[in-house]
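Asker: Take a look at this one; I'll ask things after.
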């Protein structure tokens with residue numbers, strides 16, 4: 001019975017973790033104007049740990065175009081209509097990327 005309860009608890013934890021995947025934040029620092037996200041599944045919201053770069057290149061495969069490996073991003077208060085909100089910059093601005 002204990003094994004069954006433990007198995008059920010693990011299953012619930014895995015399901016809960018997957019459901020919260022869209023809320024996961026990843027803190028990154030831009031280096032040479034580029035941010036590299038190797039394992040981004042598209043649900044990660046980023047927090048950029050720098051105020052130095054007003055614009056940068058986001059290296060990921062998951063902003064809607066699987067063949068595009070780099071996206072041009074900027075830190076703005078409001079994202080334009082053709083931009084995807086990918087997180088926030090450290091000055092209460094959003095990371096807005098062209099898709």
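For all residues, glycine too, the Cβ spot is worked out from N, Cα and C.
Per Swiss-Prot, the feature disulfide bond maps to 73-97, 75-89, 79-96; the stated evidence is similarity to another entry. What Swiss-Prot lists as signal peptide is 1-21.
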Asker: In the structure shown, with every protein chain counted, which of the disulfide-bonded residues 73, 75, 89, 96, 97 has the densest set of Cβ atoms within 10 angstroms of its Cβ?
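Answerer: When each Cβ's neighbours within 10 Å are tallied, 73 leads.
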Asker: Taking just the CA atoms, what is the gap between residue 73 (disulfide bond) and residue 96 (disulfide bond) in Å?
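Answerer: Residue 73 (disulfide bond) to residue 96 (disulfide bond), Cα-Cα distance: 5 Å.
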Asker: For a quick check of packing: other C-beta atoms within 10 Å of the C-beta of residue 79 (disulfide bond), how many?
Answerer: 18
